[in-house]
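Among the features that TrEMBL reports, domain 'MI' is placed at 129-250, 293-414, 427-548, 591-710. Annotation source TrEMBL lists region 'Disordered' at 32-92.
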Amino acid sequence: MAAPVGFLTEEQRKLMRSASYGREVMVDESSKLMRSVSHGHHTMPEAALGAGGAKNLNAGASSEAKLDRRSNSGKNGRPKKGGGGGKGTWGSFLSADGVLQVDRNDPNYDSEEEPYKLVGAPVAQSLEQFKEKVASLVEEYFASDDVTSMATDLRNLGSPNYHHYFVKKLVSMALDRHDREKEMASVLLSALYADVIEPDQLAKGFRNLLESVDDLSLDIPDAVDILAVFLARAVVDDILPPAFLSKTQKVLAEGSKGIAVIQKAEKSYLLAPHHAEVVERKWGGSTHTTVAEVQAKIVALLKEYVEGGDKAEACCCIRELNVPFFHHEVVKKALVLAMEEKAAEAKIWALLQESAEEGLITSSQMAKGFTRLSDSIHDLALDIPDAKEMLEVFTTRAVDEGWVSAPFSRAVTSELAASVETKEARIFKLKATTIIQEYFLSDDIGEVILSLEDLAAPDYHATFVKRLITLAMDRKNREKEMASVLLSALYAEVIPIASIARAFTLLLHSAEDTALDIPCAANELALFLARAVVDDILAPLYLEEINEQLPEGCLGREIVHMAQSVLSARHAGERILRCWGGGGTGQAVEDAKDKIKLLLEEFEAGGELAETCQCIRDLDMPFFHHEVVKKALVMAMEKKNDRVLSLLRECAQEGLINTSQMVKGFRRVLDTLDDLTLDIPDAKEKAALYVEQAKQEGWLKPSFDENEMSKFT
């Protein structure tokens with residue numbers, strides 16, 4: 001059946017499809033298609049073609065390749081999914097500017113047809129790559145001794161988060177070398193501190209060293225000794241805080257050699273006399289200028305400038321020091337000199353201004369100098385009373401002239417405003433220091449009590465206690481024991497409990513600053529705190545209360561935890577009482593407690609009243625008579641025998657126990673009443689009865705009950 005006019009037969013469609021996709025076709029199919037097309041899509045017999053048709057057919061059969069639509073160029077001639085491409089096609093849709101538009105909603109969308117875009121992204125440096133580069137830098141530094149180039153190379157190396165590894169690598173490579181390289185390593189760390197290496201990265205590097213001492217010791221037998229010097233040197237050079245030692249010791253594994261390094265650094269170097277000079281010159285074979293020598297040169301050039309007034313020469317001397325990383329020391333020393341010598345202030349200011357304008361001292365070094373001075377302003381104020389006010393003026397002026405940034409100024413100003421002392425407070429602190437120093441020489445508690453009464457400044461009693469403990473921490477065990485005994489003697493009779501608690505709070509808040517001057521301040525303050533609890537001066541609950549007031553992560557909190565740990569140990573009372581050797585006054589207090597207990601038990605069992613009073617007198621500790629009152633009242637409650645009350649009445653009538661000591665003894669019982677109730681259920685009723693009896697018989701002042709009796713109910 002003939003196909004309708006205008007339509008292709010199925011055979012023609014198949015041939016067209018195969019041709020459009022470049023497939024091979026049979027010769028006879030090609031012949032039929034040619035005949036069909038030439039006769040209006042009707043199939044004709046081969047004989048009807050005639051000679052010309054046969055010739056054409058043979059030609060078609062002989063030239064099969066002409067009907068093959070595949071390209072010899074190797075390129076695909078098929079239409080693209082977007083409609084473009086292929087010979088004889090319309091191509092794809094074009095935008096107005098002739099750029100090919102890819103429709104992502106097209107079902108035939110292919111992401112590979114998207115135009116390529118090159119996006120630059122930084123490639124993170126791996127720790128292994130950083131390690132390889134650092135090792136070569138350290139080797140180069142040991143060969144060249146060029147601090148400036150080393151600082152530049154490390155800064156260009158990037159990856160500041162890996163700087164802790166640089167610290168570890170530098171020190172570990174110096175451990176097995178001569179003194180020259182050890183000194184170079186210490187000087188380099190001091191140079192890079194804060195400007196290139198952040199303080200937390202430097203601390204982390206030393207922490208990693210302490211954790212790996214056991215491994216280092218396998219290759220370097222004396223690694224513990226050498227690393228102890230490095231650690232002490234870092235503290236002396238002010239790049240590690242002394243508190244770092246105690247904090248790190250807590251996180252190290254028990255029995256590790258890292259703990260041995262810390263202990264050796266403290267005992268052999270940091271606690272030794274003139275430890276700074278000893279540590280600075282430990283590697284005396286070094287050819288490098290030490291920090292102490294640079295500091296001495298800075299002081300000398302500043303004094304020479306003040307005398308001569310030649311700014312150009314002074315700037316030249318600063319430049320010749322060749323320590324741009326240490327210029328903050330020039331700023332600090334210059335400001336201190338301006339505070340000490342009023343006449344030199346104008347010249348010093350002119351020198352700093354010239355150095356800042358020339359770019360000799362950078363803004364970061366200038367700010368660092370002001371910051372270091374601000375950190376030590378409390379100690380400086382002891383020698384220069386108006387140091388804080390002068391620093392505030394200097395800071396404001398420096399900001400106005402563009403040397404330091406405004407945010408730094410606001411930080412320093414707010415810190416100074418919070419700690420400005422009145423003239424009266426400064427005078428009291430000076431007098432208190434004199435009283436305490438005389439007490440350490442004479443061991444006369446009565447004289448201290450009289451001196452405090454003469455000062456008549458109860459508002460500053462917390463300052464006195466703080467000063468007492470601070471001065472004792474930097475002295476021998478004898479003075480520490482004397483301070484604790486004095487504190488126990490002053491408690492309640494002269495200084496109220498609120499002032500003592502306030503003093504300990506101030507000490508804990510300023511523990512970080514104290515630790516900069518007294519490396520073992522944290523341990524000593526923890527013992528003072530525990531001793532105050534053992535001596536019934538502070539209640540154990542106080543430790544929890546103050547711990548909540550301290551900032552998270554501060555050294556004060558660690559000190560409180562240390563004190564709690566000491567108090568929770570077995571036989572804590574005896575150990576704490578003997579923590580400073582147990583000699584002298586400390587032993588006397590402990591023995592006095594035992595003797596008081598024995599004489600009261602002997603009296604309660606039938607002893608003579610006169611003999612017991614004589615024993616109390618023989619103790620020769622009138623400042624400790626409140627202990628007699630307390631133990632007598634507790635014994636009366638426990639034994640349910642009021643005979644010991646007659647002893648208190650007799651002591652009061654004879655004047656053996658004065659009124660203040662009697663009141664102090666009753667107050668100590670009130671402070672522990674809640675604990676007593678656990679063992680003596682009727683302790684509150686008994687205490688109320690004893691107070692009433694004492695008032696009636698005249699050995700307790702009548703006004704005692706207005707404020708004190710509320711504690712019984």
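In case you wondered, yes, glycine gets a Cβ from its N, Cα and C as well.
Count of Cβ pairs under 8 Å against the domain 'MI' (129-250): among 293-414, 427-548, 591-710, the largest is for 427-548. Mean pLDDT, taken over the domain 'MI' (293-414), works out to 78 on the 0 to 100 scale. Helix, strand and coil counts from DSSP across the domain 'MI' (427-548) read 100 helix, 2 strand, 20 coil.
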